[in-house]
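If you check TrEMBL, you get these features:
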TRANSMEM  A:28-47  transmembrane segment
TRANSMEM  A:54-73  transmembrane segment
TRANSMEM  A:103-125  transmembrane segment
TRANSMEM  A:131-155  transmembrane segment
TRANSMEM  A:176-195  transmembrane segment
TRANSMEM  A:226-247  transmembrane segment
TRANSMEM  A:259-287  transmembrane segment
TRANSMEM  A:299-320  transmembrane segment
Amino acid sequence: MTTASPVAPTTASAPSTIHRWTPVSRTASGALAALLLVLAFAPLVFTPEVTAKLTTLFVLVIVAAMWNALAGYAGLVSVGQQGFIGLGAYGVFLFVDRGVNPFVAVVLSALLAGAVAVPTSLLAFRLTGGQFAIGMWAIAEFFRLVVVNTPSLGGGSGRSLTDLSATDPAVRQAQVYWLALALMSALLLAVFVLLRSRLGASLEAIRDDPVGAASVGVRVASAKRLVFVLAAVGGAAAGGLTLANTLRVQPDSIFGVHWSAYMIFMVVIGGLGTFEGPIIGAIVFFLVQDWFGANGGTWYLIGLGALAIGMTLWMPHGLWGTVARRRDLELLPVGYRVKPPVV
Amino acid sequence: MNWINAIVQGVMLGGVYALFACGLSLMFGVMRTVNLSHGDLAVLGAFLVAVLAAAVGISPFFAVLLVLPVMGLVGVALQRGILSKALRTGEMSSMLATFGLAIVLQNVLLEIFSADSRSLDVGSLSSAGLQLGSSVSIPYLGLLTVAVAVALLGGLQLLLARTGIGRAIRATAADADTAELVGIDSRRVYAWAAAIAVATAGLAGAFFAMRSSFSPSMGPTQLLFAFEVVVIGGLGSLWGTLAGGMVLGIAQTVGAQVDPRFSIVAGHAVFLAVLAFRPQGLLGMRRSRT
């Protein structure tokens, strides 16, 4: 995302300056931080129904941001991230059954999924491009079938999180909301910091040309693996939060490939490979889902699919990407800008 | 004897999987892209055959022959309408677009035909078989499927190796830009490859529908199996695709023999084992490391 405007041959001694922040991005980042802070007070103002909906939105933002980090920055398109979402949800039971507090269990389960992602990457990284995409799907199916065949996890019919049913619903809903807000903020911050680090530049180099990146000394595999593990942790956090929010999980829905459809849709709508795009895509998707109902039937899905095709073909940079390019905007700066010297 | 029977059934099942994988493998080999709507196109083929056979009152086998050219045209439309534009911006776009198409196809079929599963009636052929001993029987339909798979993959091999269009396809697969320089119209080659790939997907869907019940939602699973076959068999090898189909089919039926719940898991496990220990596939060429 380095925006290098053509630099006129310098006649004076004043050098070009490289900087990250602009007045616009300072204001926007500050506003976002303030917004997150204000959102923390939502359970005190709104009804549990509203905070439950916002929790769903936060889960969508998490999975969209994670998928974007994978596909948009590391060039790893996966249609199997639901595998980690499912592991994250079912991992909660592993800890809860040993007496761990359910909210702590959500966090631990996300970290556990990150640990599972390391050996998974050893297998999955043997595939590239479209093969990696479906290979991840096969791995996600493998995870699902392992869960379905484990009786203590409820098998095919799923399992309920009874440990939280005892608490007052309003209190529980607020707690889940705060956890979701905290995890979303932490994960977005992690992606932001990652992309601004030296690794961020490596990742974009890998996405654009893996062989070229390797030839100039970028450690391709380890950079990809780091993002893969982060995306697994994020997906699993989303799964754990979904369980805490709905109190019940079924393998066919938590491991369902529709998650991949949603992630792809949000990121493609918002703008692949931009930091802001997936957040905007998640909000758009959340509103659409709210209007049509969560399972709005076949016509709703036909519309989503057709829109994904249309956006990919005619608006490949998505809503935010298109605006940002035209206006040269970056609200949350992850790249560098070159400012030509004032002559 | 049950184990021998399981292996025999696995070979028959493998014939269908090899048919499914054939088009996916061809499209990947030529266009370097994975068509994520492959499974749903196969289901579309199955429904077209079912509707045609019922409406005109002809045998499903005859209906297949009529549906194949239609599926070929669907392939050309896919290439001209979506892939040619998406491929220009890179592999990622074509994956996203075909994933979108998969969702659209599956839900349009759901809307038209409902979620009920149905089957393609092939009369007495569906149950008749060659009885060997007390517990092993070789169904004629399975034999026919394997024969068609062998003929199709062999025919495709001959087409690629011996004919002008085959040469053009191989040249385009190796390097589309250079092929253009020597006068090959890559648009035409891509259209041919897509037509063949989608037609074979339809054929696979029809044979699947003859041996077991089918519904609009089975596309993604078939895509997964087809993909596993391609990886197990090895990329760029059509005979590898046949072998991969057999291996996946046998893994599933032998897994089911151990415990019916293990059928699909066993298939995935073999796929993962191949990835771990022989990533180039059973008959594939060793790929250069990147």
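Don't overthink the numbers, they just go from 1 along the chain as shown.
Including glycine, each Cβ sits where the backbone N, Cα and C put it.
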Discussion item. Using a Cβ cut-off under 8 Å, which residues of the same chain at least 6 positions beyond either end of the transmembrane segment (A:226-247) come close to it?
Written reply: 52, 55-56, 58-59, 62-63, 65-67, 69-70, 73-74, 76, 78, 81-82, 84-92, 102-103, 105-107, 109-114, 116-118, 120-121, 124-125, 160-161, 164-165, 176, 179-180, 183, 187, 190-191, 194, 199, 203, 254
Discussion item. Under 8 Å between C-beta atoms and at least six residues away from its ends: which parts of the chain pack against the transmembrane segment (A:176-195)?
Written reply: 36, 39-40, 42-43, 51-52, 54-55, 58-59, 61-62, 65-66, 69, 73, 103, 106-107, 110, 203, 226-227, 230, 233-234, 237, 241, 244-245, 275, 279, 332, 334
Item to complete: Report yes or no: does the transmembrane segment (A:103-125) come within contact of the transmembrane segment (A:131-155), defined as 3 or more CB pairs under 8 Å with a sequence separation of 6 or more?
Response: yes
